[in-house]
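Peer 1: Questions regarding the structure given below will be posed in turn.
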C-alpha cells in the first residue's frame, strides 16, 4: 500500500532458527523505523502496512551478519567423533546460555543450556563442512524466540573433520617477467572449496625439462609471490596449491611463460652497441 494510505506498520521479528511454537514477536508502529536490540544470532524481520481495509503483503528482511571483533568472551570447539565439545570461561553468570550452530542461515540449530556451565556437547556435525557456533547469554530461559535481553558472548568456526582443498586458486597470472625472475598473483580459494581451514599456499614451478622445484610456502593471506633464481631464456610453468592441516589440495597450473634472454640494462647496451657498429 502507498504510505499515505497506511495507518501503521506491523514488524514481526523472528529468530533463526525459531524453535517456539508461537508466532514471531510483533511490534506495531506508526513511524517507518524501529530500533531493535539484537544479539548476533540470525533474524528475519517481516514488515507489513495496515489500514482499515486490512494488512498488506509482507516484506522480508534478513539481518546481515555482524562483526565478531568486540565480543567479551572467547569460545573453543574440539571434535569428538561427529560431535563438538564447546568450552569457554564465562565473564558473568546469566541464568542460561543459548547456543546456535550450523552451516548458515538456512541450516541452524539452537539449544538452551540452563546452567552457567563452561562446557557442553553439540552433535550431528558433517565432515568437511564449515560450521558457525554462537554462544549467547540470557536471563530468560525459554524456547529460541526473539529476546531483547539476549547478548552474544562468543562466536567461533569449526570443522569436525578437515579435508584438503578440492581446487587450487583461480586467475593465476604471471607478470613482470625478467631474465631471472617473474611475479605471480592469484585469487584466493573460496571458503566452500577449502574443506578445512586454509593454512597457506605452496608454490612450485617446472622448467622445459619438467624438473620440479619448490619456490615457497606462504600464509593464506598472501596472494602474490616473486619467483627468483630462474634460468634465462627458459620456459616455465607455475603450480599453486592451497593446504590445510589435512594436507595439500589440487594445484592450479599457470600458462607457460619464458624468461628473457637479456636483462633490461643488457638489452639497452646491446642495442647501442649495434647502432655504433
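Using N, Cα and C of the backbone, Cβ positions are placed for all residues, glycine too.
No curator has checked TrEMBL annotations; they are predicted automatically.
The domain 'Fibronectin type-III' feature in TrEMBL is assigned to 168-262.
Just tell me what is around each of these and how deep it sits.
Peer 2: Summarised by DSSP class, the composition of the domain 'Fibronectin type-III' (168-262) is 4 helix, 48 strand, 43 coil.
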Peer 1: Averaged over the domain 'Fibronectin type-III' (168-262), what pLDDT does the prediction give?
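Peer 2: When the pLDDT values over the domain 'Fibronectin type-III' (168-262) are averaged, the result is 92.
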